[in-house]
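S.K.: My questions will all concern the structure given below.
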Amino acid sequence: MSNIVTALFLGAGYNAALVGIGASLLGFAAGAAGTFLFLRKRALVSDAVAHATLPGVGLAFMLMVFLGGDGRNLVGLLAGSMLTAWIGLLLVEWMARRTRLAEDAAIGAVLSVFFGAGIVLLTIIQNMSQGRQAGLESFLLGSTAGMLFQDAVVIAIGGTLAVLATYVLRRPMTMVAFDAEYAAASGMNVRRIDLTMMGLVMAVTVIGLKLVGLILIVAMLIIPAVTARFWTERSDRVIWSAGIIGAVSGYVGAAISASVPAMPTGPIIVLVCAGLFLFSLFFAPSRGVAAAIIRHYRFQKRVHWRQGLLSVSRGEPIHDPMTLRVLRKEGLLRADGVATEAGRARAAKIARDERRWDIAREVHQDAGLTGRYDGLTPIEDVFTQDEIDEFDRIIGGPVSVQGQGAA
Amino acid sequence: MMGSEFVMFSLTPLLIGIFASIACALPGNFLVLRRQALIGDAISHVVLPGIVVAFLFTGVVSAVPMLLGAAGAAVVAVVLIEAVKRLGRIEPGAAMGVVFTSLFAGGVLLLEQTDTSTVHLDVEHALMGNLESLIWFKAKGWHSLLDPAALASIPDELWRMAAVCVLMILLTAVFWRPLKISTFDEGFAQALGLPINAISFGLVIAAAIAAVAAFDAVGSIIVIAMFICPPAAARLMTNRLEVQVLWSVAFATLSAILGYVFAGYGPLWFGSANAVSAAGMIAAVSGVILGLACLFGPHRSRIGAGRDAAA
């Protein structure tokens, strides 16, 4: 445990600190950029983009060896991967727009075919004399063991640029994500903005190849955004919360991976992120599962409360255990099931409101007001005191309720 | 190429490739039409944790527990996706992305934590499969097909894959009408009293069975590619489901044969002695077929636009 704490404060050595900073930068960029993808409901396009990087890596390696250079130059490999990822992206776009195939089929086709082609290239490279130590497989799952300072610099610069681009483009991208038609009507080039958004995603993917690998970078793009969405209803806050969630996952994941043996960085980062997601799924206010259960219980209570009091006002016995429990707890019912003074007063009020609603429906024919009758909304919330007085005049004076047995 | 060497080295991988492709393409037709194409992608990712867990329980790399583990993981993933979708009110694509990447990460982590140095179990194998190694050692030539002793040494994968392929054909034939109706008009299917949720879940389970069986033999790339590419290409060839399914089977078979031949013999034509990944090549060929269908398929355009070209 103390190892993790040391690592969290960048004390686990130079390489580990480098990886930690790189991972949090990458996490921030991926979280923020992925938010637009999620809001646009195209989260899985990132999967196609990520898989489409593989043939580019292979081609770049072969080209660099062919030109007599070192095939493992990271910048060269990333440039190659960016090229094929872009081609894959355009193909997804083209297929979904030009043919009758849906976008999900286009995504699946591009990701599997490009990945297959990438694997073919990797086997060719393995057979090349320079290819034996290429280690290109590390791009599948990422590898931080031999991360060089310049790799970290590439990640840092790329991540910063991606975050800056997200910041600059956040308004048009938000608009397209929420209402593409409106954006088009107000003169925006939706297709170009979409492609820019995808370009951003692609940039993050390429930067993340070295660190978490092409399969798990998808998680870094999707999970933070989904997690952040639980906590807020405002798009700008979702963007930056997703960035922070990504950064925290990256940082903590890298620290755990540096301090515990046999903990690969990429999967750990993703699992930390998945842990945050699970926590949010259950415990986020208003959108979380726990909040939904509490809301449901409160609603149930109000229904039972009202039905119970209506029974009291009509002098009917109550049998439902939950109704009894709710009313007893509020002191409206005695232990033997007889209404207390307060209970009878409440019941009279409920019964009278019910009568008021009946009158209201006769007086006001418009459904706008009386349509709000759901049995739980207090009549005072819908009508003014004057109107209620008018209803009371029509009904006549209050009649006392004598509790159980007498109406 | 047609002699005893072919029977020994290429016949079984080729047949396994064909069976795997057809077994995946059949449910793929319905998945593509229902816009659930990516469920195949999700399933093939979660197969890894399933296999690792199965290995942890049994301690051996043997087919049956691994298949069970993978199938279990596929079911867990489908249930989790549905749960995340409903509990969190998240759109299906994102829910899928969250679930399968997390499970995959878990699988990789478990794999790293486990001592698998003595057994052949790694991520690359899971992705790329091992089609080339499924050799029929005792085959001496075509006559070995009639020799019981030689037949007994055919790799188990072949029988398993053939059985799953037959199962998929049977399932498609038996449930043809409910599948077709519920795919095209869910409301109508419901009005007829068809259990649409059960059909939908059954389809995903069938896809999972095909994926898991194929995965064992050929790796997950072929699985994803075959779920989507042949049916998608077939979709662009016709407007009739019957014809589409036949096209998809034809495309799947063609991809498997061409892919295997290109991978095994293609490098020889370029003067290289080493074969390339057959699984990757089969996926690539299916992509080329889909690309051609996108460019020239008679029914490639959206409603109406492509009819003239077809006539």
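These residue numbers are counts, starting from 1, taken along the chain as shown.
Keep in mind that glycine also has a Cβ here, set from the backbone N, Cα and C atoms.
Remember, it's a predicted structure, so these values are computed and weren't measured experimentally.
Okay, these came from TrEMBL:
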TRANSMEM  A:12-39  transmembrane segment
TRANSMEM  A:48-68  transmembrane segment
TRANSMEM  A:74-94  transmembrane segment
TRANSMEM  A:106-125  transmembrane segment
TRANSMEM  A:145-169  transmembrane segment
TRANSMEM  A:238-262  transmembrane segment
TRANSMEM  A:268-294  transmembrane segment
S.K.: With a cut-off of 8 Å between Cβ atoms, can you find at least three pairs linking the transmembrane segment (A:48-68) to the transmembrane segment (A:74-94)? Only pairs 6 or more residues apart in sequence count.
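M.R.: With 3 or more qualifying Cβ pairs, these stretches touch.
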S.K.: Looking at A:74-94, A:106-125, A:145-169, A:238-262, A:268-294, which one has the highest count of Cβ pairs under 8 angstroms to the transmembrane segment (A:12-39)?
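M.R.: If we count Cβ pairs closer than 8 Å to the transmembrane segment (A:12-39), A:238-262 scores highest.
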S.K.: Who are the long-range neighbours of the transmembrane segment (A:238-262) in its own chain, taking Cβ under 8 Å and residues 6 or more past its ends?
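M.R.: Sequence-remote neighbours of the transmembrane segment (A:238-262) are 3-4, 6-8, 12-13, 16, 19-20, 22-32, 34-36, 39, 144, 163, 166, 170, 220, 223-225, 227-229, 231-232, 268-273, 276.
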